[in-house]
Amino acid sequence: MNYLQAARAGGYAVGAFIVDSLDAMEGVAAACGRAGLPAVMMAGMNTARFLGPERYVDLCRSVGRSCSVPVYAHLDHCTDPALLLQCARAGFDCVMFDGSQQSFEKNISACAVLAEECHHLGTLLEGELGVIAGQEEHVESALSQFTDPALAEEFVRRSGVDALAVSVGNAHGLYQGKPELQFGLLEELSARCPIPLVLHGGTGIPAQDIRRAVGLGVCKINVGTELRRAYLDAVRDYAAQEGGTAIGLSQAIRERITAASVGYLDNYRAEGCGHAAL
Ligand code: 13P
């Protein structure tokens with residue numbers, strides 16, 4: 001059983017956070033350790049290219065050695081198959097191919113080719129069906145297009161992906177007003193898709209909605225905007241103080257990132273689910 005299947009079986013979700021520095025990773029790892037949940041460190045394409053896939057994996061492994069919970073490296077929203085395979089070869093535990101801007105058939109065929117290669121390397125592949133509103137690096141859409149359950153079932157069967165990102169009223173970036181997650185749709189997707197479901201756009205989803213989504217089979221929840229904001233706020237606030245040091249800045253960033261992540265992780269267990277067995 002892989003770590004996403006274990007989450008689905010255990011009634012919890014793993015916390016997946018966009019992080020691109022050692023301090024941010026340490027901050028997330030501390031929060032996940034406290035929550036007793038696996039930590040998923042996510043790099044977007046820009047970070048994977050900037051640091052290099054090997055360096056990113058090395059950082060995750062290094063953080064994982066001093067963490068009480070498993071730490072996984074994940075590539076988020078990749079539209080470049082060559083980069084995706086480079087990350088899989090470098091040891092990323094899971095990579096996401098974002099074919100949401102392509103036709104259904106092209107999305108399936110691209111995922112099927114990548115899934116075969118990834119599985120050969122021991123890497124999980126996350127796919128996406130439907131369109132999530134908002135912007136995440138290279139992928140942007142003004143409107144969302146909800147994931148169709150019948151198409152999702154076919155997509156999962158034919159593409160060979162290990163996890164599916166769904167569009168159910170979630171959006172990247174800050175929500176305009178209260179997010180309206182479609183729980184009936186999520187329930188149907190869960191019933192039809194035997195693989196773990198992923199909820200993107202975690203920033204700003206109310207706690208009770210997150211708990212309900214986890215109860216309906218969501219096994220990984222992505223958070224980016226909130227952590228970017230926490231990082232930059234920590235740098236700004238620390239720089240405004242007198243007599244700072246480089247280590248003091250690192251500590252301030254870690255603490256702020258931990259505080260921001262803990263708030264999410266508190267809701268990643270379905271009602272009635274005890275401490276996750278890792
Ligand atoms: P937010 O930035 O809205 O938290 O979403 C992040 C995300 O889903 C990355 O895949």
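Heads up, the Cβ atoms here are built off N, Cα and C, so glycines get one too.
GLY173 is the residue from GLY169, GLY173, GLY177, GLY263 that TrEMBL records in the dihydroxyacetone phosphate site together with GLY201, GLY202, THR203, ASN222, VAL223, GLY224, THR225.
The Zn(2+) 1 site is defined by HIS77, HIS172, HIS200, and by the 8 Å test on Cβ atoms against their centroid, the other residues of the chain that qualify are ASP76, ASP98, ILE132, GLY134, GLU136, VAL139, ALA165, GLY201, ASN222, GLY224. It is 10 Å from the Cα atom of GLY173 (dihydroxyacetone phosphate binding site) to that of HIS200 (Zn(2+) 1 binding site).
Comparing Cα positions, ASN222 (dihydroxyacetone phosphate binding site) lies closest to HIS200 out of the recorded positions ASP76, HIS77, HIS172, HIS200. Of all the recorded positions in the record (ASP76, HIS77, ASP98, GLU128, HIS172), the one with the smallest CA separation from THR225 (dihydroxyacetone phosphate binding site) is HIS172.
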